[in-house]
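J.: Please see the structure below; I have some questions.
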Amino acid sequence: MSRTDDPGVAGLQVYIVGGAVRDGLLGLPAGDRDWVVVGATPEDMARRGFIPVGGDFPVFLHPRTKEEYALARTERKSGRGYKGFTFYTGADVTLEQDLQRRDLTVNAIARTPQGELVDPLDGVADVRARVLRHVGEAFAEDPVRILRLGRFAARFGDFSIAPETMQLCRRMVEAGEADALVPERVWKEVSRGLMAQAPSRMLDVLARAGALARVMPELHDDAAVRAEIDRAAAAGLPLAGRYALLCRHTPERDALGRRLRAPVECMDQARLLPLAVDALAASASTAAQLDLIERCDALRKPERFDALLQAAAIVAPVDLSAWRARVQAVRAIDAGAIARQCAGDPARIKPALRQARLQALGGA
């Protein structure tokens, strides 16, 4: 059912906005569609069965498709940081006013249900020219937009950033706007940037803006780090592995993880990766192999260890098949049987178990 014959929106002015329009112009697969509604009130939406889900401003779920519909709105800066905004969603707000509040011109394009583009800010031209450009000076009112710019640069590797946009980001950082960012928002954008096709571009944007030292002051950022996270992206590593490589040269990786409130899985990988890389490079002895397996808790968490090896393989070659066989061989040992053999002399259990594991590795 198209929006032209959908009774839920019949008589409403609705437009697809933002990323779905941009990605369609780029020939990319369509993701979730966001809709903006012009000329309606919350009461109008409720009468049609739309489900309110918005917090700061009216957003509704379509009663059948569950797609998001937001009332057109304007916003005004009323405080510091990304939460310091007052929103207005009156029925008199126009589509052009709603588009004007958006971050980048490529994200400020709307499309009617019939497919007609509404582009008052020349976003289509910037899509074609592969340029990320801020919509207006209101960009400076929300420091999250610096992070989003970095994330979009990482996602769209062939896009450049307009010089005036980068200059504006620098002024924002110098004015202290980036200092108002909270960890949850930083992590949300950084993690999405790490999962993009060229994560190093995010670091480049944040560093050039002066924001990297503000939001991740512990991070050691250099060419090696950037090359490794890009190789991790090309290899399709999951987030934990990419984050571990990001932090590999950072002595204060635990402090960085706490600052960002990174997930436990990411912090564990960041802590263990330097151990794994050093151990893999140092020795091929069975004792060294067992030490690594035990220190990384590979017997209880083989999937995590496998992911760790894949991250280590970004740094130096790793025989993943051989290591998987080693872990499997050690896990196959019957620790209970060894304990029974040492009945009456518990002190013998630990060395006997280690000896059995070494023998298993020797035959793996």
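Note: Cβ is positioned from N, Cα and C throughout, glycine not excepted.
Values in this document were obtained by computation on a predicted structure and should not be read as measured data.
The ATP binding site annotation in Swiss-Prot covers Gly19, Arg22, Arg102, Arg148, Arg151. Summarising the annotation, Swiss-Prot assigns CTP binding site to Gly19, Arg22, Arg102, Arg148, Arg151. Swiss-Prot lists Asp32, Asp34 with the feature Mg(2+) binding site.
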J.: What kind of secondary structure is Asp34 (Mg(2+) binding site) part of, going by DSSP in three states?
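T.: Reduced to three states, the DSSP call for Asp34 (Mg(2+) binding site) is strand.
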J.: Pick the one among the binding-site residues Asp32, Asp34 whose Cβ has the fewest other Cβ atoms within 10 Å in this structure.
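T.: With the binding-site residues Asp32, Asp34, fewest surrounding Cβ atoms within 10 Å: Asp32.
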J.: Are there binding-site residues among Gly19, Arg102, Arg148 that sit within 10 Å of Asp32 (Mg(2+) binding site), Cα to Cα? If so, list them; otherwise say none.
T.: Gly19
J.: Suppose we draw a 10 Å sphere around the Cβ of Arg22 (ATP binding site). How many other Cβ atoms does it contain, all chains included?
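T.: Neighbour count, Cβ to Cβ under the 10 Å cut-off: 22.
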J.: At a 10 Å cut-off from the C-beta of Arg151 (ATP binding site), count the other C-beta atoms across all protein chains.
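T.: If we count other Cβ atoms within 10 Å of Arg151 (ATP binding site), we arrive at 24.
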J.: What's the longest C-alpha separation between any two of Gly19, Arg22, Arg102, Arg148, Arg151, the listed CTP-binding residues, in angstrom?
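T.: Max span of the CTP binding residues, Cα based, is 16 Å.
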J.: So for Arg148 (ATP binding site), how many other CB atoms are inside 10 Å of its CB?
T.: 21
J.: Just the number: how many Å between the Cα atoms of Arg22 (ATP binding site) and Asp34 (Mg(2+) binding site)?
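T.: Roughly 12 Å, rounded to the nearest whole number.
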J.: What's the CA to CA span in angstrom from Arg102 (ATP binding site) over to Asp34 (Mg(2+) binding site)?
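T.: Cα to Cα, Arg102 (ATP binding site) and Asp34 (Mg(2+) binding site) are separated by 13 Å.
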J.: These are the binding-site residues: Gly19, Arg102. Which one scores highest on other Cβ atoms within 10 Å?
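T.: Selected residue: Arg102.
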J.: Using the Cβ centroid of Gly19, Arg22, Arg102, Arg148, Arg151 as the reference point for the ATP site, which residues of the same chain not in that list have Cβ within 8 Å?
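T.: Not counting the recorded site residues, we get Gly18, Asp103, Leu104, Val106, Asn107, Phe152.
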